[in-house]
Amino acid sequence: MFAIVTLSGWKSTSGLHHHAAVHDRTPPAIWSRSFRLYFTARSCGLLGDAMLPVAVSAGLIGSGHSVSTVGYALAWWLAPFAGLILIGGVLADRFTARRMMIGADLANLVTRVLLAVLFFHGVQHTWQLYGLLAVAGAAGAMFQPGAASTVPLVARDVQGANGVLRTAEAVTALGGPALAGALVGAGSTGWVMVLAAVTFGLSALCLLGLRLGPVPAPPPGDSLWRNLVAGWREFRSRRWMWGVILIWMVYSVLGSGPLIPLAAGVLVPAHGSAVYGLLSAVYGVGTVVGGLLAIRFKPHRPLAAGSLAMLAAPLYPLGVALHLAVPALAGCLLVAGAGYTFWGVMWATSVQTQVPGEVLNRIHAYEVAGSVCMVPLGSALAGPAAGAFGASAVLLFGAVVTVAVVGVLLATPSIRGLRRVADGPARPVGPILMEDGSQATREALAASADSSA
C-alpha cells in the first residue's frame, strides 16, 4: 500500500544453519528469468497501487466532494486490507503465494475497470466507490503475504534482490502520484484507473509465467483457525515486533491516517491537482534517497537508527499546516520521504532477518495488519477533526505525535536494543510444498535453487 506499509522479500534466521554451504558456491546473478518476471510483476502492481490514493483524493476534491468523503474512501480501501490480510497469510501458506497473487491481480484489474467507468460518468453515489475500493483492498490483502515470501524463491542473492525491489518501489512511489496527478489535471481520474488496470493485467501475466521451486508447507490437517493461532503465537513471542505495532497503531490514528486526506484538502484547492501530484512525486524522490541511504548504511541497531530517521517525517504535515510556498514545501516532503523510507527499510530488514521462513507469511500478515488496521480510522476521522479544529491544527498535532512516537520507540529497550543479524539467504525449513501441490524435501529445494541459477 502507499507510503504506510512497505514490502519486499525476506530473509530468515533458519537460513543461518546452512550459511556456510551457500558461500561455498558463487552466488548467481540476480537477474534470472524468474526474478525478471517477478520484478516486472511487482513493479507493475506497485505502480497501479501508487496511483490510487492521489487519483481518488484529487478526483473527489476536484469534483466538489468533501475531505470527509476522501477520508471515507481511503478508509474503505484500507479497512478490508487490514481486516483480511491475516486470512491472506494463511491462504498463501495453504494454496501457494503465486496462485493467490494471480487471483488478486485479476480482482484488481476488474475493480480498476469498474472504477474507470464510475469516474468517467461522475461519482454520483459514493457507496459504489466505497464498494469497489473495498474489493481492491481485499485483493491487496490476498496479494501481500505472498509478495513478502516469494523473493527468496526467485533469487539466491536475497539482499541484492531486495535492494532492486526497494528501488522499484521508490521509483513507482515517485512516478505513480505524479502520473496520477497529471492525468487527473489534464483529463479525468477515469484514465488513471484505465492505466492501473493495464498494470495489474501485466502483473498477472508475468506471475503466470513464473516457475517457483518448493515453498514451505503448512502442517498437514491443520485448520485455518489453528494456523492463525500458530501465527499469533509466533508474533506475540517477539516483544520488539508487537511493541512497534502498538506504537504504530497510535501513530496511524493521530498521524499518518489523517495526513493524505487533509493534505489533499489543503493543497488541491490552493495549488491544483497537478501541483499536488508533483509534490507527491517529490516525496517519492525522498523515498529513493532514503532507500539508497539504507542500502549504504547497515547500523548495528537498525530500529534505533530508523527511529532517529523518523524525526524527518513530521516535516510533511508541518509544511502543509504552515502553508509554506511550494518550493519550501517540496523540500520538506523530500526530507520527510527520505526519513520515513529509511525507517521502513530498517523495519523490513529486522523482520526479514529475525523471522523463520516457515512462518513468514503468517507473521508478515500479523505485522501488516497491525501496521495498517488503525489507518482507516485515522482517515475517516480526518474530515470531522478538521471541521472541528481546522485542518492546520490537526496536521500540527500529527507532527507533534510523530515526534512523540520517535521518543517512545527509542525509550523501549527491546526496540532500541535490537541488533542486526548477519546476512544470509532465506530458505524454508521443514516440509515444503511444490507448485503442483506435491510434497518435497529440503534437498529438493536446494536442487531447485541450483537449477535456476
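Every residue gets a Cβ built from N, Cα and C, even glycine.
Look at TrEMBL and you will find 43-62 (among others) tagged as transmembrane segment. Within the same chain, residues 1-2, 69-70, 73-74, 77, 105, 108, 112, 119, 123, 129, 133, 136, 140, 143, 168-169, 171-173, 175-177, 179-181, 183-185, 188-189, 192-193, 195-197, 199-200, 202-203, 206, 260-261, 264-265, 268-269, 273, 276-277, 280 sit at least 6 positions outside the transmembrane segment (43-62) and bring their C-beta atoms closer than 8 Å to a C-beta of that stretch.
Residues annotated as transmembrane segment in TrEMBL: 74-92 (among others).
The transmembrane segment feature in TrEMBL is assigned to 191-210 (among others).
Here the transmembrane segment (240-268) has long-range neighbours at 2-4, 53-54, 57-58, 61-62, 67, 70-71, 74, 275-276, 279, 303, 316-317, 320, 323, 347, 350-351, 354, 367, 370-379, 381-383, 385-386, 391-392, 394-395, 397-399, 401-402, 405, 408-409, 412, 414-415, 418, meaning same-chain residues at least 6 beyond its ends whose C-beta is under 8 angstroms from one of its own. Annotation source TrEMBL lists transmembrane segment at 240-268 (among others).
Residues annotated as transmembrane segment in TrEMBL: 274-295 (among others).
Taken from TrEMBL, the feature transmembrane segment applies to 302-322 (among others). Sequence-distant contacts of the transmembrane segment (302-322), counting only residues of its own chain at least 6 positions beyond either end whose CB sits under 8 Å from a CB of the stretch, comprise 240, 244, 255, 259, 262-263, 266-267, 283, 290, 328-329, 332-333, 335-340, 342-347, 349-350, 391-393, 395-396, 398-400, 402-403, 405-406, 409-410, 415-418, 420.
When Cβ-Cβ distances below 8 Å are used as the criterion, the transmembrane segment (328-351) is approached by residues 3, 6-8, 10, 166, 170, 240-241, 244, 279-280, 282-287, 289-291, 293-295, 299, 302-303, 305-307, 309-316, 318-320, 363-364, 367, 418, 420 of the same chain, each at least six residues removed from its ends. Summarising the annotation, TrEMBL assigns transmembrane segment to 328-351 (among others).
According to TrEMBL, the transmembrane segment annotation covers 363-382 (among others). Long-range contacts of the transmembrane segment (363-382) within the same chain, counting only residues at least 6 positions beyond its ends with a Cβ under 8 Å from a Cβ of the stretch, are 1, 4-5, 10, 67-68, 70-72, 74-76, 78-79, 81-83, 85-86, 88-90, 144-145, 148-149, 231-232, 234-235, 241-242, 245-246, 248-250, 252-258, 260-262, 351, 355, 394.
For 388-411 (among others), the entry in TrEMBL reads transmembrane segment. Away from its own ends, the transmembrane segment (388-411) comes close to residues 67, 244, 247-248, 250-251, 254-256, 258-259, 262-263, 265-266, 303-304, 307-308, 310-311, 313-315, 317-318, 320-323, 382 of its chain (Cβ-Cβ under 8 Å, at least six residues beyond either end).
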Residues outside the transmembrane segment (191-210) whose C-beta sits under 8 Å from one of its C-beta atoms, at least 6 past its ends, are 34, 37-38, 40-42, 44-45, 47-48, 51-52, 55, 59, 98, 101-102, 105-106, 108-109, 112-113, 115-116, 119, 154, 179-180, 183-184
